[in-house]
Structures are given as C-alpha cells and as structure tokens.
C-alpha cells in the first residue's frame, strides 16, 4: 500500500513496484474513480501506466455518488481477483479514509438518512456558509473535522447529520466499525519530500502542467453540470475556477487559489498518513525506493510462502 500527499510520485512508484513484483495497481483516490475528469484528478495516462493494469479509475459517471463503503467493497473484489490470478495488488492513492478503512477492515453501518434534517442542514449551509458548518462539526468531533476541508461540505454535513440523528460522532462510529482482526497483511509505505518547500514547489509545477493540459475545459464542464455532479463540483481543481466563469475573479487569481488549496490539502493528507499504524516513510522521487520496497516485501512474503508449503 502506497500513500503520500499529492504530487509525491505515487503513480510512478506504483508502476515500478508492479513491474518488480508482477503486480497490478488499484487506485485509492476518491476523484479518480469518476470518468471524464482526468486532468484535474491527475489520473494516470496510458503512457504513465506502461502496460501495468490499473483498477478503479474512470469507472463511475460524475453524477453518481460513490461512498467510502462503495470503494472498499470494490477494492476488496479487485484484491481477491488479483490474488486469484497469482499477482500482487498494489493499492496507491492519497485518500486517507479509503486506505485506512481498507487496511483496518471497517465494517460500514447501514446508512440511515433523514431527508428533513439533511434539507435543514443544507439551508443552514446556505445561510451561514461552509466555514461556520465546519466550525460546528469541530465543536463536537474535532478529530474528524480536522481531516476535512471546510469546503468538503458533503462530508461535513453528513457528519453533522449522523451526530444529530444518533448522538454518535463519526470518530466514534469509525472506531465501533473496526473488525476484531485486520483483513489484510499490509506493507504500508508513505512518500514525502525532505522539506515542505520542495513539496510545495512540486504542487505548483503540477498545477501549471494541469493548466497546459486543459484543466480549465474540465472545470468548465463541471461548472455547467454542478447541480448534478455534486462531488466533482466540490473537488479541489474545479471549484476554484467557478469565480472565473462567473466573472468575479481573474483567471490568474483562480490559479493561485488552486495552488493554495492544494497545498492545504497536502498538509491534511500528511496529518492523516502520519497517524496510520506501521507506516514506513520513503523519500519521494528516490530512484532506489522501488527496489527497497520490493525487497522488503519479498523478505516478508517468502517465509509465509515457505510455511504454506510445509
């Protein structure tokens, strides 16, 4: 399992590992799951995949909701299929909730919604704004709120809805959902740069490349469909351009806002990953990282294979 902040080189390392271990890659990215949004989500392109099979990328239409429970179920199916074919599944991505839920074996409780309460919260969001709703969540469930950007209003409102319905915070709910035993024996690696300055430089360069590749066209498509593409409309990489389309902000400032939002997102990603049990950190873009990880994996896996033969 590979994690790390945006622009840390997870895709390239996952491909190198897949080649070394005869594996296939499963994306753990909450936005790459959607079809037609390749630039803003930095979805790997065929030339980057280098012939390695990649899964859970571009398989869901943008108008369809796709929860963490949906992803963990889909990922479990892919893992089982890859194992059946004698290959190694390599899960790579930056959505910490996906990775933690899969690794820890979270059993998701049946979703119960209260349409009246949800509508009330949406009305309050419209009146008070995203920052105020995030502050309200922070007051009752700071650990979970700290993992969310205030603009991630879908998850903020859902957490408030759960708390108001049940009296249980999302932090408590997730803890109660853990299986007694973890379902997988995971080798967990995180990528990061030696300095935050280096990470931020990579992020700024990535945004510049996205502009060259046409992220503005994707953002315009999301803007036109924002009433039904709810998740994409809230995603970093698209909503920052909405003021430009509305004529309230010049494009240059929107690009600056995207860089700023991405930097903040990377900080939140690192906060999440540093709490993950058993993580081994590797320097991003280190050409020797794939070899070290592959050797460590084989050293761990081979004794178990020998035991199975006895």
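Just so you know, glycine gets a Cβ as well, placed from its N, Cα and C.
Between the listed ranges 17-20, 21-24, 25-28, 29-32, TrEMBL ties the annotation region 'Interaction with substrate tRNA' to 29-32. Annotation: 10 carries the greatest number of neighbouring Cβ atoms among the recorded positions 10, 118 [cut-off 10 Å, Cβ to Cβ]. Looking at 4, 5, 9, the binding-site residues in this record, the fewest other C-beta atoms within 10 angstroms of the C-beta turn up around 9. For residue 95 (site 'Interaction with substrate tRNA'), applying a Cβ distance below 8 Å and a minimum sequence separation of six or more within one chain yields 28, 29, 30. Sequence-distant neighbours of residue 7 (ATP binding site) (same chain, six or more apart, CB under 8 Å from its CB) are 199, 202, 203, 205, 206, 262, 266, listed in sequence order.
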